[in-house]
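The structure appears right after this line, and notes come after that.
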Amino acid sequence: MKAISIGLLGLGTVGSGVVQIIKKHQDKLMHQVGCPVVIKKVLVKDLNKERAVEIEEEQLTTNPDDILLDKEIDVVIEVMGGIDATKDYLITALRYGKHVVTANKDLMALHGTELLTVASEYGCDLFYEASVAGGIPILRSLVDGLASDRITQLMGIVNGTTNYILTKMSNEGRSYDEVLKEAQELGFAEADPTADVEGLDAARKMTILATLGFSMHIDLEDVKVSGISNVTEEDIRYGKQLGYTMKLIGHAHREGEKVEVSVAPTFLPNNHPLASVQNEYNAVYVYGEAVGETMFYGPGAGSLPTATAVVSDLVNVIKNLRLGVNGKSAVTPQYPKRLKDDSEKYSKYFLRIHVEDEVGVFAEITSIFAKNGVSFEKILQLPVKKNEVSEIVLVTHRTSISNYEQSLQELNDLSAVREIKSAYKVVR
Ligand code: NAP
Ligand code: HSE
């Protein structure tokens, strides 16, 4: 078989890892796919930038057509990021019969269905394993490994940057800003880290996971999202006192025919399997009706872990080429989308409230919750004398979002309540 020619879009953190792995593992690739793999051209923004890997000057280009329209290029690997222009590039590549591998969750969460349709129209593969949880082969596990089961729950730490920040804040008492900067320097964070810290990156990944896991087309706007930018060291400290660890958790749950998908900073009991996932590591807990509990763990970001997933997709493209079955593996969703409404979504909640230090305030608060059918599992009351406010920390029993939000609204209207300082989900 002739050498497989690659066009690489992007030579940053992930692109450099792809070049390294293809060079270093050439013998293994040759053994797996039976032909050499050659990177012909690499698209970058800045030709003069210093690169983390050795690359010939003539391999670099700033003109995407040098890759997209080159008849000799068999596979386009997209590791440049971006949405609209990148989507156009990939559609052009597919129309020119090129198979595509991408690490781009922003693009796949928004336009995955359209791109997969174009790919199958043109008999091309479009693989995107690296788009969720970096080096963990979770997409292939859902689509192939658990193909025979009915998955009812996916719960995961799917953003390395926020897990890195929360781990360092919790274990080393370091500040949010300092650790975010470190995550950027280490290459985990997105170019604009707002998507990481506000939960959007995790929401995009949960969209992809839920769509594959539940065989139901889930849109990004179906995911209820909140991020970690308002999490304080005090919240983490109070959580610790109550035996909890704070994580940014993506949760997709199917009950009957209906589903819910959310991303939120969440307190987990310290003995929960996801509580021990540290730093940039990711983990996805998957519950299937037949298999029961499974858990997938590994590095969720970074150059070589992510590149491993990219190059494994490339190996699958080449294997399909040998078998002549490219463009045949994508399966369209089986079920129509049915989302739960707020009265059908249940959780426990942690609340930290500042109230006037007066007699009877606590009774007023508990009566609001009682009226809405919300009861408490844990309560901490800590006087803060200098501001003449008391701090109350509550953990509720499981309750519906509607009852919980109604209670919050009534609490806010209570004159004795100065401020609801923080509110988080709590997982059993
Ligand atoms: P990055 O370090 O910022 O690299 C982006 C590369 O693409 C750079 O080489 C840049 O060129 C090039 N590029 C960007 N826009 C371009 C444009 N308009 N025209 C030409 N070249 C352009 O990004 P990254 O961290 O490698 O991430 C790449 C993709 O992988 C993203 O979709 C990201 O979400 C995804 N991903 C990243 C990780 C991770 O751990 N970093 C993990 C999983 C998935 P210059 O070098 O010349 O600036
Ligand atoms: N910024 C992402 C993260 C990169 O921190 O998880 C991997 O998708």
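Here, residue 1 is simply the first one shown, and the rest follow in order.
Each residue, glycine too, has its Cβ placed from N, Cα and C.
TrEMBL entries are annotated by machine, without manual review.
Copied over from TrEMBL:
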ACT_SITE  Lys205  active site, proton donor
BINDING   Lys105  NADPH binding site
BINDING   Glu190  L-homoserine binding site
DOMAIN    350-428  domain 'ACT'
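Known features from TrEMBL, placed on the structure.
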{"residue": "Lys105", "record": "NADPH binding site", "Cβ neighbours (10 Å)": "27"}
{"residue": "Glu190", "record": "L-homoserine binding site", "Cβ neighbours (10 Å)": "18"}
{"residue": "Lys205", "record": "active site, proton donor", "Cβ neighbours (10 Å)": "26"}
Write down the Cα-Cα distance for Lys205 (active site, proton donor) and Lys105 (NADPH binding site), rounded and given in Å.
6
Give me the Cα-Cα distance between Glu190 (L-homoserine binding site) and Lys205 (active site, proton donor), rounded to a whole Å.
14
Reported mean pLDDT - the domain 'ACT' (350-428):
91
Based on DSSP, name the secondary structure state of Lys205 (active site, proton donor): helix, strand or coil.
helix
